[in-house]
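Participant: So Swiss-Prot lists these for the protein:
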- 1-125: topological domain 'Cytoplasmic' (TOPO_DOM)
- 28-58: region 'Disordered' (REGION)
- 169-182: topological domain 'Cytoplasmic' (TOPO_DOM)
- N204: N-linked glycosylation site (CARBOHYD)
- 224-242: topological domain 'Cytoplasmic' (TOPO_DOM)
- N278: N-linked glycosylation site (CARBOHYD)
- N291: N-linked glycosylation site (CARBOHYD)
- N332: N-linked glycosylation site (CARBOHYD)
- 362-386: intramembrane segment (INTRAMEM)
- 394-414: transmembrane segment (TRANSMEM)
- 415-592: topological domain 'Cytoplasmic' (TOPO_DOM)
- 452-480: region 'Disordered' (REGION)
- 452-472: compositional bias 'Polar residues' (COMPBIAS)
- 593-611: transmembrane segment (TRANSMEM)
- 643-656: topological domain 'Cytoplasmic' (TOPO_DOM)
- 697-712: topological domain 'Cytoplasmic' (TOPO_DOM)
- 713-731: transmembrane segment (TRANSMEM)
- 761-781: intramembrane segment (INTRAMEM)
- 793-811: transmembrane segment (TRANSMEM)
- 812-1051: topological domain 'Cytoplasmic' (TOPO_DOM)
- 926-962: region 'Disordered' (REGION)
- 936-951: compositional bias 'Acidic residues' (COMPBIAS)
- 982-1005: region 'Disordered' (REGION)
- 995-1005: compositional bias 'Acidic residues' (COMPBIAS)
- 1083-1101: transmembrane segment (TRANSMEM)
- 1102-1115: topological domain 'Cytoplasmic' (TOPO_DOM)
- 1116-1134: transmembrane segment (TRANSMEM)
- 1143-1161: transmembrane segment (TRANSMEM)
- 1162-1178: topological domain 'Cytoplasmic' (TOPO_DOM)
- 1179-1198: transmembrane segment (TRANSMEM)
- N1210: N-linked glycosylation site (CARBOHYD)
- N1224: N-linked glycosylation site (CARBOHYD)
- 1251-1272: intramembrane segment (INTRAMEM)
- 1290-1311: transmembrane segment (TRANSMEM)
- 1312-1374: topological domain 'Cytoplasmic' (TOPO_DOM)
- 1375-1392: transmembrane segment (TRANSMEM)
- 1404-1422: transmembrane segment (TRANSMEM)
- 1423-1434: topological domain 'Cytoplasmic' (TOPO_DOM)
- 1502-1519: transmembrane segment (TRANSMEM)
- 1542-1564: intramembrane segment (INTRAMEM)
- 1618-1863: topological domain 'Cytoplasmic' (TOPO_DOM)
- 1771-1834: region 'Disordered' (REGION)
Amino acid sequence: MATILPPPGTAMFRHFTPQSLAKIERLKEETKKAAEVGPREEEEPPTPNPDLEAGKGLPRIYGEPPAELLSTPLEDLDPFYKAQKTFVVITKGNTIYRFNAEPACYILSPFSRVRRGAIKILIHSLIMITILSNCVFMTMSNPPAWSKTVEYVFTGIYTFEATVKVLSRGFCVGPFTFLRDPWNWLDFMVISMAYITEFVDLGNVSALRTFRVLRALKTITVIPGLKTIVAALIQSVKKMVDVMILTVFALSVFALVGLQLFMGNLRHKCIRWPVAANQSAFEPFNSTVGNDTTGLNDTLFSNITFDFTEYIENAENQYFLPGSADALLCGNSSDAGRCPEGYECMKAGRNPNYGYTSFDSFGWAFLALFRLMTQDCWENLFQQTLRAAGKTYMLFFVVVIFLGSFYLINLILAVVAMAYEEQNQASQQEAREKEEEFQWLLEQLKNQEQAQVLGSRASPTSEKSVSLTTSDAPDEDQSLENDEALKDCNGRFIPRLIVRAPTMKESAADYESGEKVEGSTHSRLHVEDAGLKQRSASAVTVLTAAAVEELEEAQRPCPPIWYKFANMFLKWNCCQPWAVFKEWVHFVVMDPFVDLAITICIVLNTLFMAMEHYPMTQEFDYMLSVGNLVFTGIFAAEMFFKLIAMDPYYYFQVGWNIFDSIIVTLSLVELGLANVQGLSVLRSFRLLRVFKLAKSWPTLNMLIKIIGSSVGALGNLTLVLAIIVFIFAVVGMQLFGKSYKDCVCKISTECELPRWHMNDFFHSFLIVFRILCGEWIENMWACMEVAGAGMCLVVFMMVMVIGNLVVLNLFLALLLSSFSGDNLSIGEDDGEMNNLQIAIGRITRGGNWLKTLVIRTVLQLLGREQGKPAEEDPAEEGEQKPERIEMNHLDQLKTADGIANCLVGRQPSGTAADGESVINVPIALGESDSEHQSEGDDYQEDDVDSESTCEENEHGSNSMEDGFGVLQHVKLMGALTDGESSVCSTADYRPPEPETLEEEEEEPEPLEPEACFTDNCVKHWPCLNVDVTQGQGKKWWNLRKTCFTIVEHDWFETFIIFMILLSSGALAFEDIYIERRRTVKIILEFADKVFTFIFVLEMVLKWVAYGFKTYFTNAWCWLDFFIVDISLISLSANLMGLSDLGPIKSLRTLRALRPLRALSRFEGMRVVVNALIGAIPSIFNVLLVCLIFWLIFSIMGVNLFAGKFYHCINTTTQELFPISVVNNKSDCMAVQEATQEARWVNVKVNYDNVGKGYLSLLQIATFKGWTAIMYAAVDSREVEEQPSYEINLYMYIYFVIFIIFGAFFTLNLFIGVIIDNFNQQKRKLGDKDIFMTEEQKKYYEAMKKLGSKKPQKPIPRPTNLIQGMVFDFISQQFFDIFIMVLICLNMVTMMVETDDQSPEKEDFLFKVNVAFIVVFTGECMLKLIALRQYFFTNGWNIFDFVVVILSIAGTMLSDLIEKYFVSPTLFRVIRLARIGRILRLIKGARGIRTLLFALMMSLPALFNIGLLLFLIMFIFSIFGMSNFAYVKKEAGIDDMFNFETFGSSIICLFQITTSGGWDQILLPILNKEPPDCDPTLENPGTDVKGNCGNPMVGMMFFCSYIIISFLVVVNMYIAIILENFNVAQEESGDALCEEDFEMFNETWEKFDTGGTQFIEYSQLSDFCDTLQEPLRVAKPNRLRLIEMDLPLVIGDRIHCVDVLLAVTQEVLGDTIEMVAMRESIEAKFNLNNPTSVSYAPITTTVRQKEEEMAAVVIQRAYRNHLHKRGIHHAAYIQRSKTGRKADSEDAPEKEGLLAEKMGALYGREAEGRERAPDPETPPRCSGARCGPEPPEPNVIVVPVEITNEFLLHSAPPTHTSYPRRQT
């Protein structure tokens, strides 16, 4: 449990006095002494209480500190600091500040008045106001003269603040002093810079002035809560290091490839050629000289003065498309862009976009690749490169977009999401612990005060009874109830006690039928700090009733006076008649039918608002305004009557009612101010009524909840984002503002500031916001052009990386986390929703009753018995069973016992006892809260008996169920419905049941044909029942069996797949050139007939084989049937000559669906499609919700901009007339009549009605074409008036708001919903992957089990001396590292290449490259010599070998290869793959390896999705070819990018897959009449006339493609990457990963050179020391190795598995993980070594150590024994020498080693020296010379040697005379 706070109550606050300081000193001494005495048994070191950290709010449990204690030093509340010199100060807002109790600056003690005064000032809010006002001044682009004075004032205030901080805290010595807080470094720096810039002249002042901007960061230090978010951001940036490195590496490799492929290509332009003297500069197509190759030389040599370079560099001689700033690019390869007649393709001039877009050097190539990765304006680069290099290079972009853009960018998202998730879980865990403590505290209080204070349960009628729910209540729903935190009047969070709703007459909760007080778990997720942490409990001492009351006071949101006021004025209970009237009103207003009526009114009102358009007739306008009045009246009446029925006190306790009241009030205000100019904005508030639908629409409700909760939780993050945006906007303005003004002519032809500039704060803010949207490159070019490349790159990249990649991904991570788990359980406060369903239920019940009555009457009239229908009823009921709408599963938990549940279930009105509504049946399709059980499912299996009976009652003919018949699910696509579920279904899945998604694949194949027709058919037409055992029936049966055999044969299926592919391929040839290729056309027509015949035959065969029943119950067969029908109809029409009919033509375009038949045949695609179909209900739901959400913005757009986008243009120059010439439409018409050169036109994408508004919003949300819409809006004035430049500037804000809410939230919601849905499907399948086929799953598992390797037998060292030396050389790690360094150097030499390098540099680089090739060839040769045939057993070696051969071939044959293939330099790029090997050598690269591992694991699923995406692109491109092949070439459609041929279509669609440039391709298709296009234009080579588009088809085509590809399929890609990243993270998040085991094996191989799997025990210490972390056991390691208790085999050898397990155990400890690891390692080992040497351990290291110890003990004992004997003998010798020996005394030691040694020592020969050695003395010999007798096993014999030292120790020195010994 989390740390328990000290006892609550105000008694805790004590002044900090000298006595307190003395007490701290005393405690400090005591702890010091205790530490010196020695550590006690191990216990966790104490940690500071997180609730009492400096900067946090004081936990509510302490109550309100008395006023006299605020802002004064108090003793520290946190027990952790009791022995440290600190004190705390609590501010008025109850924020805790902690100070150091040492004298500040060695002068001011904590009790000095100066310091106390400083503390009081320090915590004042003045500083915040100063910072904000300073920020306002910084936003001024032209500050007034007096601003300098203000600047001094600010500097003064900041200096004063810093001084106060230093006085109150101390400067830097000791904790909690000024410089110990990193945030104060910021202050220190800002102040220092202010003084430095003031007194020292430092040149570039504007750059230094930008330092002042950092003051805005000071807001972070002042606002509580911001610091934590910033910490989280820094945390996620740390986590991103690996991704960043990988990204930079990948981009570098791609940039090198780009450099080699496209260097210099983007400078190829169309130059007017040949030069003709009489040719004017402005006649691009009028070339007078024949365009032949000799022209070049003729002109050059005939005109000596002609300057070729100047001519081609001159822009007048280059070909420009109208309206384009850059010359048209071209290329010289066959599929590159062509030049118009009279022009030649040459390399001239600078690169496009001011020269910044190119692949001419590594830096620019890297920038281009970064742009591709972030997908900003990448379609332009794509088109430019393809135009210059050729269409085949599309492949390069495909790889970069899929690997670079989709993978790396989403990896960043995955990392940020993971960092957020980890923090989130930590805070949730903490919250849970606090919750438990709080419950425990309440339990204690309750037990103490039970008798007097609290009743056990609230009585039903009491008005304010409170029930304290204890933690051990049986209710599973407990957590829901306890987790909500309420906000009090001051906006602080406090925990909530469960208020039981009073009964029917008095309850607010029940008035809104079930607006319960239980909180959603959702709030738990994000109320991180305050509410949850304040639930901390205390070690309850004896607490009085006062404490309980105080605690309850703390729980109540507002001061008591408010409650008195509310009870007096907001509860209207006066006289009896009023009460009766009120009850009557309540009865009517609360009736479900009224709710239904109100909902219908909301829908109608929304429709009325959406019907507004331009131009509108007066009658229509009048009708709309009357409608508005009526609806306003209805809603006002509803509010008024509800107020009467419920009393304001209860009415305003329900969120929806507050919402209603606000909208009604605004609507009434708007009616009053209808004619006031400029207040039309109020009309927009009516739109919020749409949100009332959320009451009855769970998904919308959920979306609003998610946005609400995210915005709540994002409060701080949003602030941080706002600060970042502000800082960068000011930085941009200060750094570049002046440059924009001074150098404006470089970027604008009129020398006026463009729309995007940084000259003032608002525009600077817009640029920063645009970068956050992901559009940075265009503004950066302009910035680089006016202010230089360096600073612009730095600033823009910082905004991009910090703002876009980190902060916005944190937003997204937060959104995704809102989906996790069941925190969005629909059905907590959906009482209103239930009313709606009750109403619908009543209606349907009425309808059913009427229907039954009619049927019964008819049957009676027909004379049938009445019994029959009644008998059939249950069957029908049964058939409905699988699709019944279930009770919301949450409600099954609400009542504790099953019986109550049954009763509730049966109540016809649907209202449960206690006023809690139970029927929670979601409305929208696919919304059920729990999944639908199939008929075979026994739902009740695991439930309690009582509950199961209840369930059965529900399953039976329950009247409720009849009532909800209307709402039943529509089965989706027959067999594929298994995946239906709500967007965020909260169903808790049981372990996988028999029914799974892949049901149809799993079923065993029938061996015989099934019945042809259903039983019902046979019943109605008896003739269909044929006897198959005889006659014709038998022949028919045999025919069916034959057909069945054919159809089931593998070859048949293969043949059909082949035909499908051929017929699909045939469609690709039907392009605009088909009429010119007669042969191809004839072949295709013939093939079409053949295909149709084959497919019809296949269909008939399947009908006969499977029967109609089986065929038509399979969704895939229906698809086949539909597509074959289309082919048949179009073929018949062709034969009858009707092919030119409109309907037949459109039917022919449907042939594009043919490839869909491939779906069911390719398992990979089918798997993905099944998963998608499962997600369709959710995706549709979110789509609908998005549409509703966008509807508001669309209607608002129509209100603001309808008819205002029209403008008058000059038809020759295509430019706008200024207002001075043309002010409005009539002026324009006058000019048109006079000159024919004016035209009153509208912007193609506009807001003239809601439909067009939606298209505009889609363009804004995808950030494509949005700038044009924005410009039109910002320039708009009034209807039929000519627009003026930025006259309506603040309309930008509409777009900013829509982008944040409409684009950001709703589009990212798609990702959330898709990921959530796939996770649900996975859970259904028992956590199997839903995007992979069985084969691919095997690959995936193999990837995961990469590490099941045993130590390999190392490559044997060659016996040859020279080979052996080479072998030793190349085996060293040094050699590997050396080669890696060379590869990196090689990469660097490739990087320094540029397009315009000098011949010397080129020559030098060529030589360097040759040198590298020589070195790498040498490496290869050395390895070949040393490794011999083993060289080819390693994949890397083969790779190196191939690269070397390619490099040599490339250098030798470079000219030949370049002529026919790609540039040979590309082979060198391949070598970069070897850098991958570095990753193995760098220990720190584990994170990067994880990321690559995640990619490897994602590959199979990504391949399937890629296939599906290609299929979709194929179908759409065929469709595009048949519809848009002839549209006018303008905007995004030109000679290369169009729908004329299949290749061009695919290129266009690939570009749109990322939503790139789709607005430009759509524009020409929106042309439908002259003068925009020409419907009578002849298209050469075909009979199709005109070049107009079809706007409706075009919009449908693009919107559907964008939704399918960009929003769904691409997001599936994201879902998979996130999923696999988590898996890879788990794998690598383990303490050990495969790499560690690999490292273990490699080290083992060095010690066990023979590959025996054993090493000597003596080697173990060195081996364990040689291992790398985390497995390493560093020396000295003897004891630890002995503790490991390793088994030893004969010869003191140890087996590798035992060592591996032991070192693994050291890392993991005794955990479950370790047990699993042990099993898996042993299993892998046994699997890999079936014939392994059986090793029987004879002892273990511990046993061996014990034996050694025992031997030592014996040795010591024997030594002591000898010692004593030695002393005896020495004394005897001494006595003998001095002659004091008794005659009868014998020598103690007559013989043996002791006697002999001592005799020698004392200079006298011992007697009997030659005697046999004593049996006590073991023979002295060293191991090898000892005889053959080995010691017995398990017995260690240690020879005891008697050394001279020992004897010397026991004998006295000769020169000392001893005194006489006393006897």
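Each residue's number is its place along the chain shown, starting with 1.
Every residue gets a Cβ built from N, Cα and C, even glycine.
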Participant: Going along the chain, which residues six or more apart from N1224 (N-linked glycosylation site) have their CB under 8 A from its CB?
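Facilitator: Expected: E1280, E1281, Q1282.
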Participant: Counting each residue once, how many in the topological domain 'Cytoplasmic' (1-125) are helix, strand and coil under DSSP?
Facilitator: 45 helix, 18 strand, 62 coil
Participant: Within 10 Å of the Cβ of N1210 (N-linked glycosylation site), how many other Cβ atoms are there?
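Facilitator: Around N1210 (N-linked glycosylation site), other Cβ atoms within 10 Å: 16.
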Participant: So which of 593-611, 713-731, 793-811, 1083-1101, 1502-1519 has the most C-beta pairs under 8 Å when paired with the transmembrane segment (1143-1161)?
Facilitator: 1502-1519
Participant: Taking the Cβ of N332 (N-linked glycosylation site) as centre, how many other Cβ atoms lie within 10 Å?
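Facilitator: Here the count is 15.
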Participant: With pairs 6 or more apart in sequence, are the transmembrane segment (713-731) and the transmembrane segment (793-811) linked by at least 3 Cβ pairs under 8 Å?
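Facilitator: These two stretches do touch.
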Participant: Would you kindly give the Cα-Cα distance separating N1210 (N-linked glycosylation site) and N332 (N-linked glycosylation site), rounded to the nearest Å?
Facilitator: 37
Participant: Thinking of Cβ pairs under 8 Å, which stretch from 593-611, 793-811, 1290-1311, 1502-1519 has the most of them with the transmembrane segment (1179-1198)?
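Facilitator: Checked against 593-611, 793-811, 1290-1311, 1502-1519; highest Cβ contact count belongs to 1290-1311.
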Participant: Hey, which bits of the same chain come close to the intramembrane segment (1542-1564), Cβ under 8 Å, at least six residues off its ends?
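Facilitator: Here the qualifying positions are 375, 378-380, 382-383, 386, 391, 394, 397-398, 401, 405, 1068-1069, 1071, 1244-1245, 1259, 1262-1265, 1268, 1509, 1513-1514, 1516-1518, 1520-1521, 1527-1533, 1536, 1573, 1589, 1594-1595, 1598, 1601-1602, 1605-1606, 1610.
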Participant: Using a Cβ cut-off under 8 Å, which residues of the same chain at least 6 positions beyond either end of the topological domain 'Cytoplasmic' (224-242) come close to it?
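Facilitator: Distant contacts of the topological domain 'Cytoplasmic' (224-242): 55-57, 95, 183, 412, 415-416, 418-420, 423, 529, 715-717, 719-720, 806-807, 810, 1487-1488, 1490-1491.
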Participant: Within the topological domain 'Cytoplasmic' (1162-1178), count helix residues (DSSP H, G, I), strand residues (E, B) and coil residues, in that order.
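Facilitator: Helix, strand and coil residues of the topological domain 'Cytoplasmic' (1162-1178) number 16 helix, 0 strand, 1 coil.
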